[in-house]
């Protein structure tokens with residue numbers, strides 16, 4: 001369970017205030033410990049001073065302090081309740097201590113200088129403040145806002161925390177020394193990289209193509225975390241492919257931008273952006289002091305839900321604070337578990353956001369569904385998939401190669417640091433977008449697998465052949481992408497709505513005598529993992545319902561196909577089903593029996609009062625008593641007559657009714 005932090009709570013800002021001994025900022029006493037943990041990472045040992053603005057960017061430029069320095073800072077700062085401004089001698093002494101660990105002694109005025117290479121190398125070794133967008137690192141540049149705040153009065157704790165996070169994220173996409181090296185200058189890109197950045201344009205968030213990364217840097221960025229999670233956007237500006245639901249001027253987007261979030265059920269196929277939209281709502285909620293809690297119905301229990309609701313009641317009663325509860329895979333909760341939300345959604349204790357791949361009409365309690373707004377997210381179009389993939393490719397520093405140009409990037413041996421470490425063919429990007437079938441998660445993870453596999457295979461080849469490994473000559477082709485995905489990502493759920501959609505499409509295609517469409521829907525189901533016996537049972541039904549007496553042998557064909565599937569199974573039985581499907585599509589159709597039987601059922605359901613009794617002459621008379629009561633009296637045994645027998649077989653109340661002529665009671 002994930003819960004948003006209390007940093008922006010206006011109530012907590014009114015509690016007892018204390019001063020941080022490191023950065024001199026005022027904050028509630030309850031948060032001093034967590035603040036010190038972050039503050040000691042951002043400020044090197046020996047540089048505590050009361051000025052709130054000017055020293056902060058300089059300390060970031062020097063990089064995080066070593067673990068030993070952090071412990072010294074903690075022991076020194078804990079003994080100071082109200083530290084004074086250090087003298088020049090004390091400042092020099094503290095900087096000398098830093099120099100013992102490998103740093104250089106520098107005066108306070110040198111804080112504005114760009115970070116040194118050694119400082120930049122320290123950044124990956126220590127945790128940094130959370131970033132608002134994936135793939136971005138802290139910048140070593142001093143922000144202009146920090147320079148202007150050098151002589152400002154001490155800020156409130158909320159303002160200081162906001163600027164610390166803003167400075168930790170940085171302004172650029174590259175490393176802190178990117179501007180100093182000039183590697184982020186578009187003049188250092190080659191022509192194809194510049195064209196790729198221009199083509200990406202505003203759809204990539206307005207950021208330029210990142211600087212060229214070494215192959216090992218790309219490998220490290222892709223290891224340990226799925227690329228789909230790393231590239232998850234935080235804003236609606238980077239949320240692509242769902243313009244119908246959250247596009248400009250839509251009702252939902254207006255509600256999200258004004259932070260008036262209703263209870264929602266997000267329904268759509270896997271990888272269409274349900275969880276990402278909830279993540280964007282969570283990011284926006286934290287800025288407005290709204291508590292956001294995440295649960296997954298796959299592992300959460302009813303007690304977990306009750307605990308969250310109890311906390312939400314306390315937050316609302318004491319702090320007047322809203323709570324948004326996001327339930328992923330909400331269809332995994334049974335009806336009694338879903339009933340737990342009803343009174344609390346009704347009275348506004350929580351705002352419920354549920355995500356599901358199943359039809360809410362079948363899987364979500366009707367009472368709960370009536371209290372939520374259903375947002376249908378469609379499968380991502382190919383254009384949106386290309387944009388999402390290009391955003392990830394640019395963040396990895398991979399250069400898109402125009403297949404129409406004959407230049408081979410592997411033909412030259414330049415080792416310039418600004419040269420891209422990896423290339424990918426533009427047709428490989430298009431192929432990946434098509435094979436992903438609208439699933440952004442499958443597409444991004446397929447890209448990650450293709451990149452890692454290509455790097456590993458080239459490294460192994462160079463090792464076996466005795467050649468020197470040249471990471472700047474790696475090319476990802478269309479075949480690499482196909483091997484990474486193996487086959488098209490087929491969306492099919494044997495227990496969900498797509499299951500019923502496909503069997504309905506097969507049934508209607510055979511009824512319409514379209515043999516091509518019938519084969520397509522059959523293959524779609526079987527390749528998606530459908531049980532062949534289920535399809536065979538439906539064909540038996542079709543033989544009597546839609547073909548009927550127009551071709552009585554169709555029922556024999558269907559039963560034979562079912563038995564054959566039972567005998568040999570998949571994949572051999574697929575041709576048996578295909579033969580039966582084509583036979584049914586070509587066969588004449590008749591619903592005479594099917595319609596007549598439906599008329600009989602309607603007659604029985606609409607009959608008023610008790611059903612009419614069976615006529616006496618049609619009753620069986622196995623005993624003497626029944627014969628004495630008139631059972632079977634007057635019945636004419638038809639085989640004994642050469643001519644048709646004039647005899648009534650329906651109850652007297654139904655005489656004259658012809659169910660085959662579409663007459664209803």
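Placed from the backbone N, Cα and C atoms, the Cβ positions cover glycine too.
For 48-190, the entry in Swiss-Prot reads region 'Disordered'.
Residues or ranges marked as phosphoserine by Swiss-Prot: 65 (among others).
Positions annotated as phosphoserine by Swiss-Prot, on the basis of a large-scale study or a structure entry: 75 (among others).
Residues or ranges marked as compositional bias 'Polar residues' in Swiss-Prot: 76-89.
According to Swiss-Prot, the feature phosphothreonine maps to 85 (among others).
The phosphoserine feature in Swiss-Prot is assigned to 91 (among others).
What Swiss-Prot records for 92-104 (among others) is compositional bias 'Acidic residues'.
Annotation source Swiss-Prot lists phosphoserine at 92 (among others), citing a large-scale study or a structure entry.
What Swiss-Prot records for 116 (among others) is phosphothreonine, and it gives a large-scale study or a structure entry as the kind of evidence.
Annotation source Swiss-Prot lists compositional bias 'Low complexity' at 130-155.
Per Swiss-Prot, the feature phosphoserine maps to 139 (among others).
Residues annotated as phosphoserine in Swiss-Prot: 153 (among others).
Among the features that Swiss-Prot reports, compositional bias 'Acidic residues' is placed at 159-184 (among others).
For the recorded site, residue 276 (ATP binding site), the DSSP three-state label reads helix. Sequence annotations record features per position, and here Swiss-Prot assigns ATP binding site to 270, 271, 272, 273, 274, 275, 276 based on similarity to another entry.
In this structure, residue 482 (SUMO2 cross-link) is part of a helix by DSSP. Counting only same-chain residues at least 6 apart in sequence, those with a Cβ under 8 Å from the Cβ of residue 482 (SUMO2 cross-link) are 431, 435. What Swiss-Prot records for 482 is SUMO2 cross-link, and it gives a large-scale study or a structure entry as the kind of evidence.
For the recorded site, residue 633 (N6-acetyllysine), the DSSP three-state label reads coil. If you draw a 10 Å sphere around the CB of residue 633 (N6-acetyllysine), it holds 12 other CB atoms from the protein chains shown. Under the heading N6-acetyllysine, Swiss-Prot lists 633.
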Residue 274 (ATP binding site), number of other Cβ atoms within 10 Å: 26
Inter-residue C-alpha distance, residue 276 (ATP binding site) and residue 633 (N6-acetyllysine) (nearest angstrom): 77
Inter-residue C-alpha distance, residue 272 (ATP binding site) and residue 633 (N6-acetyllysine) (nearest angstrom): 72
Fewest Cβ neighbours within 10 Å, where candidates are the binding-site residues 270, 271, 273: 270
Conformational class of residue 271 (ATP binding site) under the three-state DSSP mapping: coil
Near-site residues: ATP, ref 270, 271, 272, 273, 274, 275, 276, CB cutoff 8 A to centroid: 268, 269, 277, 355, 377, 440, 441
